[in-house]
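Taking it in order: structure first as structure tokens, then the write-up.
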């Protein structure tokens with residue numbers, strides 16, 4: 001076990017950063033969900049892409065609110081987060097929301113790939129014609145990994161931590177493999193408890209790498225499809241920026257942004273687990289916590305910029321706010 005004392009000033013700064021990130025996450029994902037739901041009510045129908053985007057936004061919205069509740073509990077009642085049921089509940093909420101956040105984003109990439117790419121392969125055409133069923137099947141199969149993930153975490157929790165109710169301390173066994181990182185208060189000091197588990201790391205990495213691999217394959221297949229389409233356009237002596245090419249490029253931009261953010265996220269998960277063994281510094285761990293929230297927030301804003309309807313709605317809101325501010329400025333004596 002590694003125990004690092006962190007100054008109250010550092011914790012205050014960390015909490016402020018978390019609050020800013022969570023606020024941005026609530027605004028961004030709330031905006032995506034609100035725009036799509038309002039459009040759904042008006043049109044009495046919703047596209048498959050909007051279904052995925054709305055579900056993804058609601059999932060990340062729940063995650064942001066759960067993190068906000070956890071921070072408020074940490075500030076207002078630090079003794080509450082020492083209760084085993086609170087820790088277990090927060091852990092399960094984080095795992096479930098993180099799982100659906102990543103897998104729904106993966107489904108979005110697969111959906112774009114099947115709808116936009118052009119291949120004459122019979123298997124691809126079979127999947128392309130049944131893209132909705134493919135996305136649904138991906139979600140169903142991912143539930144198996146979710147159950148295994150939660151089951152593995154519960155096993156490690158039972159063997160790694162014994163929380164003494166009413167006493168703000170942990171009793172950890174000699175062979176502890178505690179896979180999570182928690183903050184808790186004790187008098188005027190705050191400690192960060194963590195343990196690098198060489199057994200947990202490959203298991204957790206496996207669960208995270210599966211959707212990443214699926215997204216990566218879809219991304220490279222989309223690049224290959226664009227290359228084939230570009231060659232075909234050259235043979236036919238047509239302009240390179242037809243509708244299909246534009247659709248390919250937009251999908252690739254969205255996919256590349258997701259993969260880069262996802263790769264950075266995975267990188268800091270590994271660094272956060274291994275940092276004590278090689279560096280023993282608290283800054284890497286704090287940055288790891290921040291990156292865990294930055295990934296879904298950043299990707300949500302990427303989705304807003306990459307979706308024409310969401311982008312138009314954003315510009316409309318910004319124009320309204322600017323006109324509103326000018327009106328208030330004129331009315332102000």
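Residue numbers in this text run from 1 along the chain shown.
Note that Cβ sites are derived from N, Cα and C of the backbone, with glycine treated the same way.
Note that this is a predicted model, so its numbers are computed, not measured.
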- Message: When the topology given in Swiss-Prot is taken at face value, are residue 57 and residue 233 found on one and the same side of the membrane?
- Response: yes
- Item | Of the residues 118, 186, the one that Swiss-Prot lists under N-linked glycosylation site | 186
- Message: Of the residue ranges 61-81, 229-249, which one carries the transmembrane segment annotation in Swiss-Prot?
- Response: 61-81
- Given ranges 284-304, 305-325, the stretch to which Swiss-Prot attaches the annotation transmembrane segment: 284-304
- Note on the structure: In the topological domain 'Cytoplasmic' (36-60), averaged pLDDT is 92
